[in-house]
């Protein structure tokens, strides 16, 4: 027999029998005996342990108090208590507290070892309650809480409390006779220790999780109570209520909730006798109804509600049922025997084992790459049209992936796809006025294209003066490069990659700086003009590491007259320009010339015809008192309320007249 919290009476009620009262007192004494030392922090949970328990054990004990008090109250308020149920609940509670004592013993032993060590070990462990899922030991942030908890358990060997969902399933398995109160005003589930925001979600939780049969909140008036509805009605019409439902599911739910009919599997007109749906169908196809559902979840709901099938547990419920079974890490089919699920790839299967089953997996041996040397007899063809690697016996989708495989896996040195068209070894001049590349013997249309070619093909680029320092010549060049050299860059070619040696035309860079107030935005070090002031300032900051102050425009001296803020043409006498609007003109004076002024708001004290009263329903939206027209009714009504202090009626709502739809005449031939 199940014990519900709804059976608990008010505080003024008394138990109906002396046996229940004595049992209640015994349970309360046991609760005080175990919980009082934990709350006072003076004694230990067990007499043998001298250290105080940690906070997780206190929370578990408090949860035990709530469960114990719930059982005690339910037993004490029952009219006809059953002694077997009372003894069963007592044994379950004692088993629960013995487990708490064992957990506290383990935690207390860990606490003793930490206290005896001279180093504070807590500083070297991550915080499992970190809101950002950040591990301060590994300096790594995780995306979700599940991976962060798995990281703490696997790498740092931390004993964390169980997941709330798994704990909820375990509580349901431990206390099957305890049911929450469906009329709880706080929407608190005493079994799952969880609060809900509204009554709808709370009742849905009771129906789905605890399988409780709840009565409807509002009584439903049945017009013809003597008529029994037909559950197989093809139109989903309830003859007792004279109501038609839009689908079969809503109709059957109505019959179960309102008329208390015990329905079996759905009786459909297209039902195939003798054919049962396959519960494990991967496509969600019901062969009895000849219908394919959208998702696996809707398919399983269809089997439960329409066909009345009792399905096998899936997902996290299997983790609790098959907790003693351990999946095979090296299963060739990537099949998890606990969750009854098969994976396509080995990687997804291993991730499932590590995250869901908390298994410590062995690292897979990486495949050794076959390095291609000059003495190798067999080499992959880097120009293979099918992108086929003869050593790995594998085809690739595209040329970039194939070339990446050859360079990374086989360490091959590949030739470029577009080889340079350089005809001689002459170093081109980056500042050639004709945009002519002497090495490639080719002209370019603009300076940008020419410098782009010189930078990409010949690796000649212009760097900042901090990097343009004179360096010693390379060992293969044997050529001195001085600061007074006419060339800007020198390329040293040899066995090693190309190295650039830059020189600067200015003799002493320490005493020369660009002029930040140059009117032409010209940089004397780079010999370059910038298009505007902002680009020039950014160039000085990034390239020359100069600190540019915010040189705002200062107001002119008082000898020059300031602009007139009330000029009708919005003309600025200092800048000698007209602005487009009054707002832009005032904004220009405040920001550019630092003028401080206030514009008085328009006053509506002077009304041309104060004796006239405007009509709020005027179709032209015209105020006859102010001689002013408005473009929309919103502005017109706002004007009447604010200026004329009128109390307006509600605006008229124009209803659209919908003409009834006429069925076309089937005998009339349309063109």
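Cβ coordinates are placed from backbone N, Cα and C, and glycine is handled just like the others.
The shown structure was predicted, so the numbers you read here are calculated from the model rather than taken from an experiment.
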Per TrEMBL, the range holding region 'Disordered', considering 437-458, 459-480, 481-502: 459-480
Correct range for region 'Disordered' (source TrEMBL, candidates 626-648, 649-671): 649-671
Secondary structure composition of the domain 'C2H2-type' (570-598) [DSSP: H/G/I, E/B, coil]: 11 helix, 4 strand, 14 coil
Distant-in-sequence neighbours of the domain 'C2H2-type' (621-644), which means Cβ under 8 A and at least six residues beyond its ends: 604, 607-610, 612-615, 651
Structural state census, the domain 'C2H2-type' (187-215) (DSSP three-state): 10 helix, 4 strand, 15 coil
Local confidence of the prediction over the domain 'C2H2-type' (621-644), expressed as mean pLDDT: 88
